[in-house]
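Take a look at the structure set out below.
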Amino acid sequence: MQDLKGLVVENIPITKEIYKLQVSVPEEILPEIVPGSFAMVKVEAKGVFLRRPFSFADVDLKTGLVTFYIKTVGQGTGALRELPPGREISMLLPLGRGFTVMSGKSLLVAGGIGIAPLKFLAKEITKNGGEVRIIYGVKNAEMFIPEIVNAFEDVEVYAEVSGLGKRGLVLDGLKSTDLSTYNQIYLCGPEAMLKAAKPVLQNYSGLIEVSLESFMACGFGACLGCAVKVFSNNEFVYKKVCQDGPVFNFKEVVL
Ligand code: FES
């Protein structure tokens, strides 16, 4: 983990709720970053004391460009949205345990802003010669990131409103998929989506990894504020989303 300073290159709204923040870090100091890991980004705003955790939506080690998709949910994310290009930004990175990048055919299942780490994962799998299919569910157009559809060949969009992909939920896409044709499955999305996916995936024998979203105060194991219950080695234990995750074996996570 390092505390790196970068410069805002681009900070643009994608919708009223989501924006894309791109930060440039000198490439010679940017460490190797795996999909699913995250950064704690410092927010310079009155009354905001905690850094905010964001998964990487993309990292380019050659250019030093780091990309986040951020949903505006409060004062911290609202303040970051206002940063102009050229402004310095401080990031603790990389944090947490990321996805296992596998070859073969991968099914990526994203709900809402959960698409962010899966976009980076899809890029890395493809780079390694693997194939990806993405099932991408959003509530409405305000949560939809069009460049996901442009970046990958096989993306199926589900929306809860009509006029955007297929009408329905991510779960509809998952249920209508022949899971046995995939070597591994990756998920990231709201808890309700993950809970609903549990029974659908219970007979799937391959690797399933999930990136969990959690409130995080410190991001590196010090505050114990991000505990999640898992069933591992025949016992229930609590693990830290920030340090033991955010990526976990989906079959072990108790939702
Ligand atoms: Fe502090 Fe996980 S966020 S221990």
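Cβ from N, Cα, C; glycine included.
Since we're looking at a predicted model, the values are computed, not measured.
Other Cβ atoms within 10 Å of the Cβ of R52 (FAD binding site), summed over all protein chains shown, number 21. What TrEMBL records for R52, P53, F54, S55, G76, T77 is FAD binding site.
Residue environment of C218 ([2Fe-2S] cluster binding site) contains 19 other Cβ atoms, counted within 10 Å of its Cβ in all protein chains. As annotated by TrEMBL, [2Fe-2S] cluster binding site applies to C218, C223, C226, C242.
Annotation source TrEMBL lists domain 'FAD-binding FR-type' at 1-101.
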Cβ under 6 Å from ligand 1: qualifying binding-site residues of R52, P53, F54, S55, G76, T77: none
Position of peak Cβ density within 10 Å, selected from the binding-site residues C223, C226, C242: C242
Distant-in-sequence Cβ neighbours of G76 (FAD binding site), under 8 Å, six or more positions away: V43, A45, V48, L50, R52
Other CB atoms, at most 10 A from the CB of P53 (FAD binding site): 23
